[in-house]
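Colleague: Please find one structure pasted underneath; my questions will follow.
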Amino acid sequence: MMIRDLGKLEFEAALAIQEQLAAGVAAGTSPETLLLLEHPPVYTIGRGGCRENVLDPGIRVVEANRGGDVTFHGPGQLVGYPVIDLGRRGRDLHRYLRILEELLINVAAEFGVAARREPGRTGIWTDGGKLASIGVGVRRWVTMHGFALNVTNELAPFRSINPCGIVACPITSLSAILGRPVPLGDVRRSVAGRFPFLLDERLPFLETAEPAP
């Protein structure tokens, strides 16, 4: 698997990179890739999102071909976009989502934060609120989009929306919980070191896999 650090990149530019990679992965000409980056401030909404969850009519919201509702991305938030060939890994989207949650729970624990799943919801949570959101798109059994882990980012912008479609949803970050800045680079390295091994353990490549339709 290739891991690429894109630094800080506009949402639309990152989407174009994902689409190019996804086409290559589906065709068997590109390796699976984990993109790690930050976005300048931007609100995005998934395919099934409800515009009523945008509480401030003055904000610009970008539509994204992923699951989930409306969320906010900004500097200090680690965004991960794994471009993964689920067609070669058993075509189990539910398990893939649980892997992303497990990854983020383990990363949070490395920094001394206890995070967990919430029944019936996607993402990870703490006693102080939601720590990370997950929204995935799949085309020809190749994944796009992924997760956003709050590290040092401002939390006030989340007040302009119902995050992930949840009314009065408290949002927190690693730094807010710990009461000190958490270096984003350290979190990035933890994610990059853990993800390939966790994915191969939980969703290994099949010896024979159907080609993408």
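Cβ coordinates are placed from backbone N, Cα and C, and glycine is handled just like the others.
The domain 'BPL/LPL catalytic' feature in Swiss-Prot is assigned to 28-203. As annotated by Swiss-Prot, substrate binding site applies to ARG66, GLY67, GLY68, ASP69, VAL70, THR71, PHE72, HIS73, SER133, ILE134, GLY135, GLY146, PHE147, ALA148. Here Swiss-Prot flags LYS130 as site 'Lowers pKa of active site Cys'. Annotated active site, acyl-thioester intermediate per Swiss-Prot: CYS164, in sequence order.
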Colleague: Relative to the Cβ position of VAL70 (substrate binding site), how many further Cβ atoms are located within 10 Å?
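Modeller: Step by step: centre on the Cβ of VAL70 (substrate binding site), count other Cβ atoms within 10 Å, giving 26.
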Colleague: So if I draw a 10 Å sphere around the Cβ of LYS130 (site 'Lowers pKa of active site Cys'), how many other Cβ atoms end up inside it?
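Modeller: Taking every protein chain into account, the count is 23.
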Colleague: Are there any residues in the same chain, six or more apart in sequence, whose C-beta is under 8 angstroms from the C-beta of GLY68 (substrate binding site), and if so which?
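Modeller: Correct list: GLY46, GLY48, GLY49, THR122, SER133, ILE134, GLY135, CYS164, GLY165.
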Colleague: Over all shown protein chains, what is the count of other CB atoms within 10 A of the CB belonging to GLY135 (substrate binding site)?
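Modeller: Excluding its own Cβ, GLY135 (substrate binding site) sees 26 Cβ atoms within 10 Å.
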Colleague: Any idea what the model's mean pLDDT is for the domain 'BPL/LPL catalytic' (28-203)?
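Modeller: Looking only at the domain 'BPL/LPL catalytic' (28-203), pLDDT averages out to 94.
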